[in-house]
Amino acid sequence: MTLSVIGAGAFGTALAISLAGRGPVCLWARSVEQAAAMNASRENAARLPGHTLPPSLTVTSEITVAAQNQTLLLAVPMQKLRDLLLDHGEMLRGKTLVACCKGIELSTGLGPIAVIADCLPEARSALLTGPSFAHDIAAGLPTALTLACADADLGKALQQALNTGNLRLYRSTDTIGAEQGGALKNVIAIACGAVIGAGLGESARAALMTRGYAEMQRMALALGAQPETLAGLSGFGDMALTCTSEGSRNYRLGLSLGRGVAFDPSVTVEGAATAHAVAAKARDMNLDLPITACVVGLLDGRLTLNAAMTALLTRPLKEE
Ligand SMILES: NC(=O)C1=CN([C@@H]2O[C@H](COP(=O)(O)OP(=O)(O)OC[C@H]3O[C@@H](n4cnc5c(N)ncnc54)[C@H](OP(=O)(O)O)[C@@H]3O)[C@@H](O)[C@H]2O)C=CC1
Ligand SMILES: O=C(CO)COP(=O)(O)O
């Protein structure tokens, strides 16, 4: 399988570094300047400083070059995925597209696999998701991810092709469960960061993680996901990482909300748009997702953290 990574952000660069340990990999950066700088310095100073690009990794800003390979890993933010597919549809047609983003599209409520199907119905698609910080992957530290593909044979082939020395892949055919888990955990991570930032304590975070997981299940199972998928790397596993580490941008946004300080709006924080998308979807589906609703209220400045906590603590008492 010949491989390109489309998107030279932190995650795309980290994946390309790890995959280049197995053979040639092409990494596409949309900016000519960034590709030139990366080729000159053998580093992605803008998005993933401190990690050397191996010789088997080539960087290009020519999509025609990157699209010569058959399997393309799409490592752009969720809200940019459709633009990427529409901008380069001709080049991407007929390819195997592995989405590496975690989120729900705000304008449609769709996850990455559904957006690919919407834009390029004939593409063969899969999703790579799970607990893994870009800097850990790039540093060669051990990670385990889920490779979800509805086509079981293609999933097996991708699992073999994308497994590396420090990136162990488990496969699944449950693309709905994998995409919902990866998207929804970011919303819960914002909530967890907020309670820690506000000094509300570790017990409150554990409660939010547990009840947040119940919300993740409620939404994902209603959409047809398998419960085991939510309990796996793409759901529980990624929630555990993202809700407890300052390495996570979603968690750090939450910390800022809890502390009442500004957060750099240029940082990719998938959970912000996803919270709004999920809240809208929950309303349409008549699902109760109170933590997600509070995160939306915090993000929009409609709720204070105290008001959000009071709203959650005074809900009608119920069975677990
Ligand atoms: N960072 C991490 O640790 C992990 C990230 N992920 C997921 O990976 C996805 C990408 O995140 P990450 O790499 O961290 O984000 P970054 O903010 O580091 O990089 C985003 C990249 O997307 C590119 N991009 C943005 N819009 C477009 C577009 N319209 N067309 C082409 N390229 C575009 C940017 O290019 P430019 O620089 O030119 O703006 C940049 O290279 C997210 O969904 C995230 O959840 C998953 C696991 C771990
Ligand atoms: O998804 C991630 C870890 O698995 C990365 O988290 P952030 O996007 O919050 O940084």
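A Cβ is built for glycine as well, from the same backbone N, Cα and C atoms used for every other residue.
Automatic prediction, not curation, is the source of TrEMBL annotations.
The feature domain 'Glycerol-3-phosphate dehydrogenase NAD-dependent N-terminal' is assigned by TrEMBL to 4-153.
Summarising the annotation, TrEMBL assigns NAD(+) binding site to Gly7, Ala8, Gly9, Ala10, Phe11, Gly12, Ala134, Arg249. Note: Ala8 (NAD(+) binding site) has non-local neighbours Ala16, Leu27, Trp28, Ala29, Arg30, Gln34, Ala35, Met38, Asn44, Arg47, Val59, i.e. same-chain residues 6+ apart with C-beta under 8 A of its own C-beta. Secondary structure from DSSP puts Ala8 (NAD(+) binding site) in coil.
Non-local neighbourhood of Lys102 (NADPH binding site): Met78, Thr129, Gly182, Ala183, Lys185, Asn186, Asp238, Glu270, each in the same chain, at least six residues away, with C-beta under 8 Å from its C-beta. If you look up TrEMBL, you'll see Phe11, Arg30, Lys102, Ala134, Arg249, Glu270 marked as NADPH binding site.
Annotation comment: TrEMBL describes Lys102, Gly130, Ser132, Lys185, Asp238, Ser248, Arg249, Asn250 as sn-glycerol 3-phosphate binding site. Lys102 (NADPH binding site) carries neither a helix nor a strand DSSP state and counts as coil.
Per TrEMBL, the feature substrate binding site maps to Lys102, Arg249, Asn250. Under DSSP, Asn250 (sn-glycerol 3-phosphate binding site) is assigned to a helix (H, G or I) in the three-state scheme.
Along the domain 'Glycerol-3-phosphate dehydrogenase NAD-dependent C-terminal' (174-309), the predicted structure has mean pLDDT 98. The domain 'Glycerol-3-phosphate dehydrogenase NAD-dependent C-terminal' annotation in TrEMBL covers 174-309.
The active site, proton acceptor feature in TrEMBL is assigned to Lys185.
Closest by Cα distance to Ser248 (sn-glycerol 3-phosphate binding site), from the binding-site residues Gly7, Gly9, Ala134, is Ala134. Under the three-state DSSP scheme, Gly130 (sn-glycerol 3-phosphate binding site) falls in the coil class. When the Cα of Ala10 (NAD(+) binding site) is compared against those of the binding-site residues Gly130, Ser132, Asn250, the shortest separation belongs to Ser132. Comparing the binding-site residues Asp238, Glu270 on other C-beta atoms within 10 angstroms of each C-beta gives the minimum for Glu270.
Around the Cβ of Gly130 (sn-glycerol 3-phosphate binding site), the same chain contributes Thr143, Ala144, Leu145, Thr146, Gly182, Leu233, Ser234, Gly237, Asp238, each under 8 angstroms and 6 or more positions distant in sequence. Among the binding-site residues Gly7, Ala10, Asn250, the ones whose Cβ sits under 6 Å from an atom of ligand 2 are, in sequence order, Asn250.
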